[in-house]
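So that you can see what the record holds, here are the features copied from TrEMBL:
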BINDING   30-37, 147-150, V176, 184-187  ATP binding site
ACT_SITE  H37  active site, proton donor
BINDING   Q61, Q153  (R)-pantoate binding site
BINDING   Q61  beta-alanine binding site
Amino acid sequence: MQTVKTIADLRAGLATARAGGKRIGFVPTMGYLHKGHLELVARARAENEISVVSIFVNPLQFGANEDLAAYPRDLARDSKLLEEAGVDFLFAPEVADMYPRPMETMVDVPTLGSELEGSVRPGHFAGVATVVTKLFNIVGPDAAYFGEKDYQQVAVIRRMVEDLAQPVRVVPVPTVREDDGLACSSRNVYLSAEERAAAVIVPNTLAEAERLHKGGIATAAELEAALTRFVEAEPRAVPEVIAVRDPDTLAPLAEIAGRPVLVLLFIRIGKTKLLDNRVIGRNG
Ligand SMILES: Nc1ncnc2c1ncn2[C@@H]1O[C@H](COP(=O)(O)OP(=O)(O)OP(=O)(O)O)[C@@H](O)[C@H]1O
Ligand SMILES: CC(C)(CO)[C@@H](O)C(=O)[O-]
Ligand code: BAL
């Protein structure tokens, strides 16, 4: 594996591969890698001759009151994991390499990006869309791999790629989970032992949603209200977003009996925000 710090070095390293007609698979991350990231890497390697992983904690996507400084980082450990996984290039730029001066140009997907997670993290998705566009411009991937745990992020990036005709195939990868069902996430490290035990409320709420939907609950509003009560029964959990939406457009729904729905959760436990979702009722 080659570890590369600068845009120029990565472009030079990839030029030979590109000239040889090799397909490039790209996995953008913020590091502190876990099983979920490694699943994206495995897909990228299986479907392309060359794999590139970026590790960059992107300041543009953090609000002023968020955890940019505290975000977990361990480049030495990440590097070893990626080497073992057979990755070809690790791109780990400094903030000064990515943003030598304040960004004047931003990519925004304002309607999709301002609701759900975007409603509690204003500006977040513009920061994501901007850095992902810049990374696509640097790497020039044929395919880029994103986790379905960040369902709205996948929707924002798909829309951006379509609107701007970015020449990249966006590949969503199913969420990888711990044994009790909690989605793997770098931020899980913030949880105390008691909070980690309480965090099982997140996958349990998705299971409850499935049960209620199968039972024929009539409207999105009723399902959202029932799930809010379910989450609030766990004293450590604060429901920030509990939404029942159209899985394809993310549009709000009224009647839901017998139709597929996306249940999207953003639940805070202590200072840790946990994101998860499930599409229910799609195949029977
Ligand atoms: N459990 C998971 N299963 C599959 N993909 C995942 C999982 N967790 C994260 N990813 C994906 O990995 C990519 C990089 O995500 P990121 O580095 O932000 O990790 P994260 O664990 O989501 O961190 P955070 O705690 O900040 O949400 C994203 O496309 C994300 O959707
Ligand atoms: C896609 C991404 C790497 C952009 O910084 C980030 O939002 C993430 O890790 O999901
Ligand atoms: N959505 C993953 C990255 C972040 O929370 O900023």
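Backbone N, Cα and C define each Cβ position, glycine as well.
Predicted, not measured: the structure shown is a model, and the values here were computed from it.
Locations of recorded TrEMBL features on the structure.
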residue	record	Cβ within 10 Å
M30	ATP binding site	18
L33	ATP binding site	24
G36	ATP binding site	21
H37	active site, proton donor	26
Q61	(R)-pantoate binding site	21
E148	ATP binding site	18
Q153	(R)-pantoate binding site	22
V176	ATP binding site	18
S186	ATP binding site	19
Of M30, L33, G36, E148, V176, S186, binding-site residues neighbouring ligand 2, Cβ under 6 A: M30
Closest of H37, Q61, Q153 to V176 (ATP binding site), Cα positions, recorded positions only: H37
Where S186 (ATP binding site) sits in the secondary structure, as DSSP reduces it to three classes: helix
Cα-Cα distance linking G36 (ATP binding site) and Q153 ((R)-pantoate binding site), given in Å to the nearest integer: 15
